[in-house]
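Record features (TrEMBL):
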type     : residues : note
TRANSMEM : 12-32    : transmembrane segment
DOMAIN   : 17-426   : domain 'Major facilitator superfamily (MFS) profile'
TRANSMEM : 56-78    : transmembrane segment
TRANSMEM : 85-103   : transmembrane segment
TRANSMEM : 109-130  : transmembrane segment
TRANSMEM : 142-162  : transmembrane segment
TRANSMEM : 174-193  : transmembrane segment
TRANSMEM : 244-268  : transmembrane segment
TRANSMEM : 280-300  : transmembrane segment
TRANSMEM : 312-332  : transmembrane segment
TRANSMEM : 338-359  : transmembrane segment
TRANSMEM : 371-390  : transmembrane segment
TRANSMEM : 402-424  : transmembrane segment
Amino acid sequence: MHRANELGYKPLDGGWGWMVVFGAHISIGFAYSTPKALSIFFKEIQEDLGASYSEIAWISSIMLAAMYAGGPVSSVLVNRFGSRPIVILGGLMCGLSMVTASFGSSIIYLYFFIGVIGGCGLSLNLNASLTIISKYFLAKRPLANGLAMAGSPVFLCCLAPLNQYLLDKFGWRGSLFVLGGLMLNCCVAGALMRPVLSHRKPSSSVLQNKVEDQTIKCHTKLKASCMENAKMFLDVSFFKDRGFIIYLIGNMMFIFGAYAPIVFLSAYAINQGVEEYSAAYLLSITGFVDMFVRPGTGLVANSKWIRPRIQYFFSFAMIFNGACHLLCPLIRSYPFLVVYAVFFGIGFGMVFALIFECLMDLMGNRRFPSAVGLVTIIECFPMLLGPPTAGLLVDVFGDYKYLFFMCGSVIVTGGLFLFIMNIYNYHMLAKENRAKSREPSQNNLETEDRVSVGEAEMKQTPGAAMELTDLEAKEKNGIFCT
């Protein structure tokens, strides 16, 4: 329970925490599913605004990059104000960004309102939700994270066919307007995120002492809070942690190839001759499978066999996900595309059920808010470049298969890197721990040797010892004088 000692209290692991998980399920669901579900509108927007494949892919890329880049700012705000007001603010930003984007007349307009403003709103939702789960849960944290992260596939499963229906009824502009209204439900999710309160009731004397201390130390706390916020925004001490560096490199490789197959899946199916609604349902199938895989992965990861080896489990999930993309270009018929969507949902769900749990496992609850902020801002670069790079391959070669080959190979390489480097990391940690355990034993042996040497010297000169004792006795009795 050393993690509980870090927090300063014992997490409830239940109670109102499950309502917090429900609220996080909603906010995380919108955060991860919205950039994917927007791909339903891309073909219509592309024809209306005259954009290329790479240009239209920037909408989701900028939105995802802003969501990740806003991580450190979101972490500072969550530590300052708590999760509840930050999620409510994020919901307002998301709703207003979609409504405003529905009036856009250029691709740059959509980049700013959907990508930047909407992405920043999603960032507030995501980080605040993940942070408050780590405060409510400890023993059941993998399960709670899995249930909260399941919001992404649940919402994707619903939003993909809903967006296709809205597109047929109202066009892409009316669809964005309706989607903005739906995203205001994140404000309701934020209202569920009640802060964790201490159950101890201090006495009146303790309260009086606290008031006096607060009055005396007010200016010191203000200065210290500024320094803490600066460190929270960008804590470079994480780069001294070998496990964090390994996690970050592997994670960046996954993020680079993770979202392009989702963004272009519907367009790829239509290019293969699949009807539009059937192509949209591929995303729903992926989301439906993902919906059950995430909490299931959380249960498996919480078992006594997997939790100590959760980093290896994470690398296996990445390799499985990348292998699915490598096999996708071999598929030509709709039934096999459905099979691909199922396996894609399994691999994607496994990775995202573990991606933040592995970071919590490495950093601990206290350092996690700062770590997740730093990770997300670094990951915004591969997030920003991944889908446009894939779209550029489609523009250059006129074929989608190179997109899937690129994404699959990058993700498989990242998974293999994590697996091999985690073996090395755990070997080095065990070696360092053995070295530390030897140091106290060596110090004890040296101390014992010094004591034994001193005793031996005393035994070798008994006459000197007796003479010294006689002199001391005479001095005490006043016989010996100068």
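Positions of Cβ are set from backbone N, Cα and C atoms, glycine also.
A quick note: this is a predicted structure, and the numbers were derived from the prediction, not measured.
Counting Cβ pairs under 8 Å that are 6 or more residues apart, the transmembrane segment (371-390) and the transmembrane segment (56-78) reach 3 or more and are in contact.
With a cut-off of 8 Å between Cβ atoms, the residues of this chain six or more beyond the transmembrane segment (142-162) that come close are 17, 21, 24-34, 36-37, 40, 129-130, 133, 136, 179, 277, 280-281, 283-284, 286-291, 293-299, 301-302, 307, 310, 345, 349, 352-353, 356-357, 360.
In this chain, the transmembrane segment (280-300) lies out of contact with the transmembrane segment (56-78); the count of Cβ pairs under 8 Å, excluding pairs fewer than 6 apart in sequence, is fewer than 3. Between the transmembrane segment (402-424) and the listed ranges 12-32, 109-130, 174-193, 244-268, 338-359, the one holding the most Cβ pairs under 8 Å is 244-268. Same-chain neighbours of the transmembrane segment (338-359): 32, 130, 141-142, 145-146, 149-150, 152-153, 247, 251, 254, 258, 261, 265, 282-283, 285-295, 297-298, 301, 310-311, 313-314, 317-318, 320-325, 327-328, 331, 368, 371-372, 375, counting only residues six or more beyond its ends whose CB sits under 8 Å from a CB of the stretch. Between the transmembrane segment (109-130) and the stretches 12-32, 174-193, 244-268, 280-300, Cβ pairs under 8 Å are most numerous for 12-32.
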